[in-house]
């Protein structure tokens, strides 16, 4: 028999770190863009996604609509995924880079909770503990006045914008967790490219409608912002490609743990390029959220390994 070509040890984890770096740099460029609405940035991102996916759909002959019984799931995957992107970009524009990045890492915890509700997956006391850790981390970052007093320090801009950004980041995380639950429901019956296609098309249509309603469509007034828009699209696409390749050759558990490098890169980039050291509240929140995310990933990883051994027996 023919032997499979062995992959380079650690290559999947390297892809994960590279993906985290690309996503973090794209977020930094988003902070640097001036006077462009987050919805317009999202529209540009969707255009890049469509340009990348279209050749793949033609090559793999998947069609543009997918199986009839899966189209409703694909629609909601596209709608929730694009909504998560718009809300995340808005949060990045009004909140510190590290704060927003940390909140997004509550996604695995909320995914476990939603999978328990909608897919009847097991939800153990450990999952409840990790959920409480994640909520504690978000509270430390949001710092609501009724808990921390009326004079909240270390906030970028007004507290009103900080609160709006926190709500947007949490809503984005819940939307992203919902898309993962939908993808689990669909399983492998739909090609990955088709899922991204729905995400890009529905996202672009929604962004264009919102921009016309808000009357916010405008071309960047300087060449630097135009370059940043292009780089955000390319870096976001590159990050998605590398995390997908990582999951193809590495187990989901180690990849999920290594993705916490996003938080490290966000802290470094915020200090070096935005001249804004994170507060101790943010550091404490980050520790809670990262511990929660890693705990969830390790538990899922051990559970999958145990099931694999049982199947072998």
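Just so you know, glycine gets a Cβ as well, placed from its N, Cα and C.
According to TrEMBL, the domain 'EamA' annotation covers 11-142 (among others). In the predicted structure, the domain 'EamA' (11-142) carries a mean pLDDT of 85.
Feature annotation from TrEMBL assigns transmembrane segment to 12-30 (among others). Panel annotation: around the transmembrane segment (12-30), residues 38, 41, 89, 92-93, 97, 100-101, 228, 231-232, 235-236, 238-243, 245-250, 254-255, 258-259, 261-262, 265-266, 269, 273-274 of the same chain, lying at least six beyond its termini, place a Cβ under 8 Å from a Cβ of the stretch.
Sequence-remote contacts of a segment are chain residues at least 6 beyond its ends whose Cβ falls under 8 Å from one of its Cβ atoms, and for the transmembrane segment (42-60) they are 82, 85-86, 89, 191, 193-194, 196-197, 199-201, 203-204, 207-208, 211, 229-230, 232-234, 236-237. If you look up TrEMBL, you'll see 42-60 (among others) marked as transmembrane segment.
Sequence annotations record features per position, and here TrEMBL assigns transmembrane segment to 72-92 (among others).
Under the heading transmembrane segment, TrEMBL lists 98-119 (among others).
Per TrEMBL, transmembrane segment is recorded for 126-146 (among others).
Sequence annotations record features per position, and here TrEMBL assigns domain 'EamA' to 164-294 (among others).
Tertiary neighbourhood of the transmembrane segment (166-184): same-chain residues 73, 76-77, 80-81, 83-85, 87-88, 90-91, 94-95, 99-100, 103-104, 106-108, 110-111, 113-115, 118-119, 138, 141-142, 195, selected by CB-CB distance under 8 Å and a gap of 6+ residues from either end. Per TrEMBL, transmembrane segment is recorded for 166-184 (among others).
The transmembrane segment annotation in TrEMBL covers 196-214 (among others). Remote same-chain residues near the transmembrane segment (196-214) are listed as 37, 39-40, 42-43, 45-47, 49-50, 52-54, 57, 64, 66, 74-75, 77-79, 81-83, 85-86, 240 (criterion: CB distance under 8 Å, separation of at least six residues from the stretch ends).
Same-chain neighbours of the transmembrane segment (226-244): 15-16, 18-20, 22-23, 25-26, 29-30, 32-33, 36, 41, 44-45, 47-49, 52, 192, 196, 219-220, 255, 259, counting only residues six or more beyond its ends whose CB sits under 8 Å from a CB of the stretch. Per TrEMBL, the feature transmembrane segment maps to 226-244 (among others).
Feature annotation from TrEMBL assigns transmembrane segment to 256-274 (among others). Same-chain neighbours of the transmembrane segment (256-274): 13, 16-17, 19-21, 23-25, 27-28, 31-32, 96-98, 100-102, 104-105, 108, 243, 286, 289-290, 293-294, 296-298, 300-301, counting only residues six or more beyond its ends whose CB sits under 8 Å from a CB of the stretch.
Non-local neighbours of the transmembrane segment (280-298) in the same chain are 96, 98-99, 102-103, 105-109, 112, 126-127, 129-131, 133-134, 136-141, 143, 154, 252-253, 256-257, 260, 263, 267; each lies 6+ residues outside the stretch with a CB under 8 Å from one of its CB atoms. If you look up TrEMBL, you'll see 280-298 (among others) marked as transmembrane segment.
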Counting each residue once, how many in the domain 'EamA' (11-142) are helix, strand and coil under DSSP?
110 helix, 0 strand, 22 coil
Per the Cβ filter (under 8 Å) with a sequence gap of at least 6 from its ends, the transmembrane segment (98-119) is approached by 24, 27, 88, 91-92, 127, 130-131, 133-135, 137-138, 141, 165-166, 169-170, 172-174, 176-178, 180-181, 184-185, 256, 259-260, 262-263, 266-267, 270, 278, 282, 285-286, 289-290, 292-293, 296-297, 300
